[in-house]
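This report concerns only the one structure given below.
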Amino acid sequence: MLKEEDKIFTNLHGQQSHDLKSSKKRGDWENTKALLDKGRDFIVEEVKKSGLRGRGGAGFSTGMKWSFMPKNSEKPCYLVVNADESEPGTCKDRDILRFEPHKLIEGCLLASFAIGANNCYIYIRGEFYNEASNIQRALDEAYKEGLIGKNACDSGFDCNIYLHRGAGAYICGEETALLESLEGKKGMPRLKPPFPAGFGLYGCPTTINNVESIAVVPTILRRGASWFAGIGKPNNTGTKIFCISGHVNKPCNVEEAMGISLKELIEKYAGGVRGGWDNLKAIIPGGSSVPLLPKLLCEVEMDFDSLRTAGSGLGTGGIIVMDKSTDIIYAIARLSKFYMHESCGQCTPCREGTGWMWRVMMRLVKGNAKKSEIDELLNVTKEIEGHTICALGDAAAWPIQGLIRHFRSEIEARIKSYSVV
């Protein structure tokens, strides 16, 4: 369990103002110049030592990603913050943008300095109008105080931060599709290699990080890498914001230590499952893209490695709780429709496969199918998985795989009852 003094996001629920004056009282922008004076290498190494892994879903080492940037590039370098949070069940970045904007902006300055980028872009989801307004106000305050811009914090380093609003496409949450959109093109993922660190925004070296990944950096540098590494578990260090929704008594966002049990999270912070733990049917533990877990596995620890071992993933930390009243087949079919709608259409397996999977899923919802089609559907998900430019194909396949793995008997019973009728 996370101690109160170890929390990074002390205004996560917006009890206090998010303006500069209030943010400074909570510790933001405290002697930022001293952190910059320690140099680029110090910041990168400290973030590496902390064990911080990307909070957007992939879980790649943040410090390692920064170290891929060229030291003396002839081209300008860029930092891009992915605030295009569109994953169903996920709203952690939204609350950072709403209530902790200065944590993000200070993190942008420190990360930009670490990778040698004089320009940073915050790409925010188009629907986040109020959040974009909050960020812009915070940017205006920071510019006015000399915290960013020319000679940021009197450090001799110039850092301009720009806010760019997207247009509501889920695919633009994929880092290279985001870059395409930022350049004014259609948001479609790029083939990799080349990777963004070598050929990113406008063909220049670029690092793309999630909002939460950047927002925790100032606190890590102030308190030290060993402090952050001491929270959680080895290889799964630090704190994480979890979004708990669905059939719970008190849906909420909460910051907790990595490795906390899923059951403890739900019972301590969300008031427990509606109707009690025995009424639980399944949980999606990391946003809609990861396979669900049946009740039997729902006491798993919430970290990258434990959830992978359990056959799912931490993803974004978006916990969707489903009680026994849930039509589990229809719930996953609804996710299939989402991925069909959000596919950019660039890759044939995803373009054709997502629609095909949704149509089969809707027949399974009614029971109007043959039992052999369950295995046929499973085989198609495996043909899509790993055969697309980006991970949207995987994201569409995994929920169905989880459903068939854990609830095949329920699908078969639905088919049997339909044939009897």
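Cβ atoms are placed via backbone N, Cα and C, with glycine included.
For 1-25, the entry in Swiss-Prot reads region 'Disordered'. Within its own chain, the region 'Disordered' (1-25) has Cβ neighbours under 8 Å at 95-96, 98-103, 134, 137-138, 141-142, 145, 215-216, 219, 227, 231, 239, 241, 253-257, 260, 264, 268, counting only residues six or more beyond its boundaries.
Taken from Swiss-Prot, the feature compositional bias 'Basic and acidic residues' covers 16-25.
Per Swiss-Prot, the feature NAD(+) binding site maps to GLY54, ARG55, GLY56, GLY57, ALA58, GLY59, PHE60, SER61, THR62, GLY63. Of all Cβ atoms in the shown protein chains, 19 besides its own fall within 10 Å of the Cβ of GLY54 (NAD(+) binding site).
The annotation FMN binding site is assigned in Swiss-Prot to 166-213 on the grounds of similarity to another entry. Long-range C-beta contacts of GLY184 (FMN binding site), restricted to its own chain and to partners at least six residues apart, with a cutoff below 8 Å, are absent. Mapped onto three states, the DSSP output places GLY184 (FMN binding site) in coil.
According to Swiss-Prot, the feature [4Fe-4S] cluster binding site maps to CYS344, CYS347, CYS350, CYS390. Long-range neighbours of CYS350 ([4Fe-4S] cluster binding site) (same chain, six or more residues apart, CB within less than 8 Å of its CB): SER343, CYS344, ILE384, THR388, LEU392, GLY393, ALA396. The secondary structure of CYS350 ([4Fe-4S] cluster binding site), as reduced to three states from DSSP, is helical.
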Excluding CYS344, CYS347, CYS350, CYS390, which residues of the same chain place their Cβ within 8 Å of the centroid of the Cβ atoms of the recorded [4Fe-4S] cluster site? ILE171, MET188, PRO189, SER343, GLY345, GLN346, ARG351, THR388, ILE389, LEU392, GLY393
Cα-Cα, whole number of Å: GLY166 (FMN binding site) versus GLY56 (NAD(+) binding site)? 17
If we count other C-beta atoms within 10 Å, could you say which of the binding-site residues ALA58, CYS344 has the fewest? ALA58
